[in-house]
Amino acid sequence: MSKYNFCAGPAMLPPAVMKKAQQEFIDWQGLGVSVMEMSHRSKEFLALTKKCEASLRRLMNISDEFEVLFMHGGGRGQFSAVPLNLHQENKSAVYCENGVWSKSATDEANKFTQTTAIDVRNDTDGQFSIKAVADWQLPADASYIHYCPNETVDGLEIFDVPSHPTAPIIADMSSTILSREIDVNQFDLIYAGAQKNIGPSGIAIVIVRKTLLAREGLPKPGILDYALEAKQGSMFNTPPTFAWYLAAEVFQWLEQNGGVKAMEAQNIAKAELLYNFIDNSDFYSNKVAKHSRSRMNVPFWLNDESLNSKFVAQSNEAGLLALEGHRIVGGMRASIYNAMPLEGVQALVDFMAAFAKENS
């Protein structure tokens, strides 16, 4: 029986990448040692890091105007790093909130800098949506504008990119990076924890415009200092080498399978399959307006919530793993990142249909 992992993160990895990692685990490149045992400053590992960055630059069309950093701390580490690096005296950092993670970013930034929070959601009788970007009412002056294009808990995705005449645009793309094509030049800093579309947890990708590195910001730990990490080649201290290795393998897999354009087409097909089933069911429901629905994270509710435990238990028995919703919102959630095949979503839909028939 095939098993499909719908966990929000750490998430499913491409089976081909997992198999290659297994084959190379104790003997990488014929060197007789694991990549986990290699010096991060060895010529072999340095070659891997260069290959990894070049692959990501090709996948996302990242120009030389940006540095690409591989940092510790995941997304939450960047919640601290962004204000520490980009703070400006007598200016407020604007945080556009559309769910749990964007609110968490605001809360962390409040420890270091002045913030202005803007709720960019609509709530119409319990149905949530994202306001048009033109209606966000961003202030005329700000140290930076921060937003999260995809909220994994709430299942809300923002497809348009905000702009500002003077303030840099910062995006937490932890759950949407590499899932759809974007124009990197519309942003000044993009960060992403790896554990959804890139690899295992333990590393964060930061794509930062070089001109931003000149900002003094606030006193900060070296491992959160963008300018220092750029100068040191992301090796101010020992990096998470195995996570970096697996990120390189995932990037190679993406390039071999049509790149971001192909991933986007597949992700649209997967999301449409699942949402269409939910919308045409009187047993399940979703609380997000169609134009604001996440392609990566699909929360849904059983109309009879007394069946929740039974649904989770039987879905696990059917090889459909980690479907229980986030504790904050309840219900169910299917996270369908790049590595999730269409067959996995079809298996979920088939199970949901059978469960509804059995329990109606």
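Cβ coordinates are placed from backbone N, Cα and C, and glycine is handled just like the others.
As the structure is a computational prediction, the values presented were derived from the model and not from experiment.
Within Thr49, Thr124, Thr152, the residue that Swiss-Prot lists together with Gly75, Arg76, Trp101, Asp172, Gln195, Asn237, Thr238 for binding pyridoxal 5'-phosphate is Thr152. For Lys196 (N6-(pyridoxal phosphate)lysine), the nearest neighbour among the listed binding-site residues (Gly75, Arg76, Asn237, Thr238), judged by C-alpha distance, is Gly75. A 10 Å cutoff on Cβ-Cβ distances gives Arg76 (pyridoxal 5'-phosphate binding site) a total of 15 other Cβ atoms nearby, all chains included. The CA atom of Asn237 (pyridoxal 5'-phosphate binding site) is located 11 Å away from the CA atom of Arg41 (L-glutamate binding site). Annotation note: Asp172 (pyridoxal 5'-phosphate binding site) sits in a strand segment as assigned by DSSP.
The binding residues for pyridoxal 5'-phosphate are recorded as Gly75, Arg76, Trp101, Thr152, Asp172, Gln195, Asn237, Thr238; their greatest pairwise CA distance is 31 Å.
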